[in-house]
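First up is the structure itself, then whatever we jot down about it.
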Amino acid sequence: MEQLYKQRNKIIAAFIIAAFIGLFNETALNMAFVQLGVDFGKETSTIQWLTTGYLLTLGILVPVSAFLMQRFTTRQLFTASLVFSIAGTIISGIAPIFSILFIGRVVQAIGAAIIIPLMMNVMLLIYPIHKRGAAMGKIGLVIVFAPAVGPTIAGVILDRLSWHWIFWVALPFFFISLFVGLKFIQNVNEVKKVKFDIVSFIFSSIGFGGVVYGFSISGELGTFATTEVLISIIVGALALIIFVIRQLKLDQPMLNLRVFKYPMYILGLIIVLVGMMTILSTMVILPIYLQKVLLLAPVFAGLILLPGGIINAIMSVVAGNLFDKFGPKHMVPGGLILVISSLFVLRGIDANTSSYLIIALHIILFVGISLVMMPAQTNGLNELPRNLYADGTAIMNTLMQVTGAIGTAIAVTIMSISSSDSSGNAVNGMVEGVQHSITFGLVIAIIAFVLSFFIKNVRESKSIEVKNSVKNVH
């Protein structure tokens, strides 16, 4: 046990490397869509499936992670995740045709679906409650920074090399993570023989998959008013209702929904989901604005948004340490004030706005996000008893994927509708669409700000329980 505590930073480091590259892969390939369309002779709508398929796989498999973490050891799951990630990366790197590349992306996503909730669950088990903020700060660095810098790094790679190198550059880091993990990671979860409910899995897959697919497609089309979108969302929602009812009736549910009996978990979850919607919608809207309104090349658009991502990475670690000292009660409202202030000014941008102002506002936005997401997330998870850690992390990560897709789709749809309804030239229409999309983010941030005043620090109430549970880890 003493050795486990000495090695916990190395354990988390192995997870962070794997998760960073996994989330980097989620967005990096977006920069290569034009070239992929030329190489494979496919339309953009078809190439987009490389991202949609990745997100669908996450939406289907992340809910299963709670079962996996109860059924298999930490080392088994970590190794399986890296094997899938490495295999998917190699398949994608050598892909001669589109269908092979798509298969590679799905295999990659299987690895990411395992590693991210597993990383959060292991953190809860190996860190005492008064040091979780710093650990979650490092994890927050990965969750936000990796997808933010993915397009920028990919743009630099594509400037000199082919799209295949996006995968070859990532491959060595997976091997490093596997080596470090096999050397230091120990089995910290309690394994038990739990029954896998195939019916729950089917409804979960249809539900989460349908909702993610529906909103992803609506984001691509810029409208919800299509039969494909409406059927996907409605069928997905109905399947989720059946899934929830079934989980409440089962003695051993696939996802234990009793986590929603804990008010700080619910509140933290809502605030985290708002943060995720804001991040992902901004990551879509601002590049469109920079390229179509300010007429910047993709590489330069990526570089303008890079400082915000770097500052967020630094602030995630700082915020983690601040959380351990002061708790979330003042951090979350303070962070949301920065988010609201940034979005309020951003909603006034136009064709004459300086790039330097965009950089400054983007930095302020991400400083605020770093003060919001990690403290709200950690405080919510801290309230859960040890036996609900796996379910709590699985539910949180699943809903982050779903709300990310929803937020992005709503923002893009608002932008498309506003642009088409606007009178005048195309640039003015695009400006108006971007402004309205940012206003959507501003409204949900204000709602989160109001909710943040109800946050209570739950660190002390759980300290004894965590101390006792750590003794039982083997």
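Just so it is clear, glycine is given a Cβ too, placed from its N, Cα and C backbone atoms.
Heads up, TrEMBL stuff is auto-annotated, nobody curated it.
Per TrEMBL, these features apply:
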DOMAIN    11-460  domain 'Major facilitator superfamily (MFS) profile'
TRANSMEM  12-34  transmembrane segment
TRANSMEM  46-68  transmembrane segment
TRANSMEM  80-103  transmembrane segment
TRANSMEM  109-127  transmembrane segment
TRANSMEM  139-158  transmembrane segment
TRANSMEM  164-184  transmembrane segment
TRANSMEM  196-215  transmembrane segment
TRANSMEM  221-245  transmembrane segment
TRANSMEM  265-289  transmembrane segment
TRANSMEM  295-319  transmembrane segment
TRANSMEM  331-349  transmembrane segment
TRANSMEM  437-455  transmembrane segment
Fill in the blank from the handout: When counting C-beta pairs under 8 angstroms to the transmembrane segment (196-215), the leading stretch of 12-34, 46-68, 80-103, 265-289, 331-349 is 46-68
Practice task
Answer yes if the transmembrane segment (295-319) and the transmembrane segment (139-158) have at least three CB pairs under 8 Å among residue pairs 6 or more apart in sequence, and no otherwise.
Solution key: yes
Exercise for the section: For the transmembrane segment (109-127), name the stretch out of 46-68, 80-103, 265-289, 331-349 with the most CB-CB pairs under 8 Å. Expected result: 46-68
Practice task
Take a look at 46-68, 80-103, 164-184, 331-349 and tell me which one has the most Cβ pairs under 8 Å to the transmembrane segment (265-289).
Solution key: 331-349
Problem - Leading stretch by Cβ pairs under 8 Å, where the reference is the transmembrane segment (164-184) and the options are 46-68, 80-103, 139-158 - result: 80-103
Completion exercise
Sequence-distant contacts of the transmembrane segment (139-158), meaning Cβ under 8 Å and at least 6 residues beyond its ends, amount to 12, 15-16, 19-32, 35, 116, 119-120, 123, 165-166, 169, 279-280, 283, 287, 298-299, 302-303, 305-306, 308-310, 312-313, 316-317, 319-320, 366, 369-370, 373-374, 377
Exercise for the section: Would you mind listing the long-range same-chain contacts of the transmembrane segment (46-68), meaning Cβ under 8 Å and 6+ residues beyond its ends? Expected result: 25-27, 29-30, 33, 36-37, 40, 77, 98, 101-102, 105-106, 108-110, 112-114, 116-118, 194, 196, 201, 204-205, 208-209, 211-213, 216-217, 220, 254-256, 390-391, 393-395, 397-398, 401-402, 405
Exercise for the section: Grab the same-chain neighbours of the transmembrane segment (80-103) for me: Cβ-Cβ under 8 Å, and only residues 6 or more beyond its ends, written as numbers and ranges. Expected result: 18, 21-22, 25, 36, 40, 42, 46-47, 49-50, 53, 72, 109-112, 114-115, 118, 164, 167-168, 170-171, 174-175, 177-178, 181
Completion exercise
Other same-chain positions with a Cβ less than 8 Å from the transmembrane segment (12-34) and lying at least 6 residues past its termini are 44, 47-48, 50-51, 54-55, 78, 81-82, 85, 89, 105, 108, 111-112, 115-116, 118-119, 122-123, 126, 135, 138-139, 141-143, 145-151, 153-155, 158, 163, 166-167, 170, 173-174, 176-178, 180-181, 184-185, 283, 298, 302
